[in-house]
Amino acid sequence: MAGGITDTGELYSPYVGLVYMFNLIVGTGALTMPKAFATAGWLISLILLMFLGFMSYMTTTFVVEAMAAANAQLRWKRMEKRKEDDEDEDSSSGVSDSDVLLQDGYERAETRPILSVQRRGSSNIFEITERVEMGQMASMFFNKVGVNLFYFCIIIYLYGDLAIYAAAVPVSLMQVTCSAIGNHSCNVGDGTKYNDTDKCWGPIRRIDAYRLYLAAFTLLLGPFTFFNVQKTKYLQIVTSLMRWIAFILMIILALIRISRGQAEGHPSMAQLSGIRNLFGVCVYSFMCQHSLPSLITPISKKRHVNKLVLLDYILILAFYSLLSFTAIYCFRNDTLMDMYTLNFTNCEIINVAFIRYFLGLFPVFTISTNFPIIAVTLRNNWKTLFHREGGTYPWVVDRIVFPAITLVPPVLVAFCTHDLESLVGITGAYAGNGIQYLIPAFLAYCSRKDTQLVFGSGTVNKHLSPFRHTFWIVFVLIWGFSCFVFVTANIVLSESKL
């Protein structure tokens, strides 16, 4: 993620790319969505979910357009480099005319790029064949301030991601193990409210158990931050399979309970106080823009990529709606857990112990595999942010300082709070807002300006977003900045009432 062009990887069909994108988007955020739905009311939740899905699709097309523009500029620069090398060879052979060279140098920016594109076919210059990460695009299209703001935003988002992961695993372990012994057996999802000071095992309180699990999680997975790790294809297949089994099980179990007349949920239509967290959860749950270069570039045929992305968003919207509506009608609002899987660890919901423990511990397996990858990504972004051309880091800074500033802050946040709904809401509402709305809009605007400057106003990007009018960019920017103001005002007003 941190700047630079990397290998494209093995190509795959558009429909495989569609599945990969679905798996990327439908993750941890989906598990906190039912509680957010219940808190905000079903009507407001559905309207906001559909609107934010539309906004996310729009900015996804902006990123794809910027990727095509970046590929075109890289090709143009290589073409120009070859031309300059040829001219140098001609000059060294004695065939030169100073007036012609001066004139050529003067008109190169205006004439040569357009002629170069025309000779090689303007439709091919924008083909997405090289993987250009968002950090590289920011360096190409933004000024120095813009690049620093980009890295600041992506780093804050990754910190939020790590804090959510660091809290979700210990919470799941605490809820399952503390409720699996003694008088609490099978009572996680029965509406019983536990305080952090309640007993877990003997003198050990629930909050103590949570912090013990957090310490074990940090000691087991934290060291990976100091090394390089790669997500293997087989690990991705296993975690994707577990994710699908878990989500389908939860939907089926909720539908069975509703069909038997055992549903307890009576969701309200609208609760304005719940919009803040719902907004953050929805933004977080549609997040994929930062990983689009890795997903889109290997697709073999990109002619209808925007239509495939639209189909993906429609499927994801339907899936989120099905998961959330079955949840809020199956369970009472006050019994829905921050991590929805924990509602299915109650014996009354499912009497098969294996399924109860599989769903209860599902976040532990899937999140634990992602934590080292996110941590290494954050560490590399820190290195890129402070890197200077030609400079190298001392061993202590490279191997100790950067991994430490990556690992310690999210663990401290998780130590202080395990309120997953708030963590997801704040991460999505602030850093997620910047990555999903503001950065793609600025990338689209700046890449269009650069494309016109380099190739001329008559050149058309073959991957131009369907939302090509400048109105849509302005609309996204106004929406993004308005969300910052709304969420901040909501937090301030909520705190002042306490």
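Glycine residues also receive a Cβ, built from the backbone N, Cα and C atoms like all the rest.
What TrEMBL lists as transmembrane segment is 12-33 (among others).
Note: the domain 'Amino acid transporter transmembrane' (20-67) comprises 45 helix, 0 strand, 3 coil (DSSP; helix = H, G, I, strand = E, B). Look at TrEMBL and you will find 20-67 (among others) tagged as domain 'Amino acid transporter transmembrane'.
The transmembrane segment annotation in TrEMBL covers 39-72 (among others).
Feature annotation from TrEMBL assigns domain 'Amino acid transporter transmembrane' to 135-467 (among others).
If you look up TrEMBL, you'll see 141-160 (among others) marked as transmembrane segment. Long-range contacts of the transmembrane segment (141-160) within its own chain (CB-CB distance under 8 A, at least 6 residues past either end) are made by residues 1-2, 66, 69-70, 134-135, 290, 374, 377-378, 381-382, 384-385, 409-410, 413, 423, 426-427, 430-432, 434-435, 438-439, 442-443, 446-447, 450.
Sequence annotations record features per position, and here TrEMBL assigns transmembrane segment to 210-229 (among others).
According to TrEMBL, the transmembrane segment annotation covers 241-258 (among others).
The transmembrane segment annotation in TrEMBL covers 278-296 (among others).
Annotation comment: TrEMBL describes 308-329 (among others) as transmembrane segment.
Residues annotated as transmembrane segment in TrEMBL: 349-378 (among others).
Within its own chain, the transmembrane segment (471-493) has Cβ neighbours under 8 Å at 55, 58-59, 62, 275-276, 279-280, 429-430, 433-434, 437-438, 440-442, 444-445, 465, counting only residues six or more beyond its boundaries. Residues or ranges marked as transmembrane segment by TrEMBL: 471-493 (among others).
Within the same chain, the transmembrane segment (39-72) stays apart from the transmembrane segment (241-258): fewer than three Cβ pairs sit under 8 Å, each pair at least 6 residues apart. Between the transmembrane segment (349-378) and the stretches 12-33, 278-296, 308-329, the greatest number of Cβ pairs separated by less than 8 Å involves 12-33. The stretch in closest packing with the transmembrane segment (278-296), judged by the count of Cβ pairs under 8 Å and taken from 12-33, 210-229, 241-258, 308-329, is 12-33.
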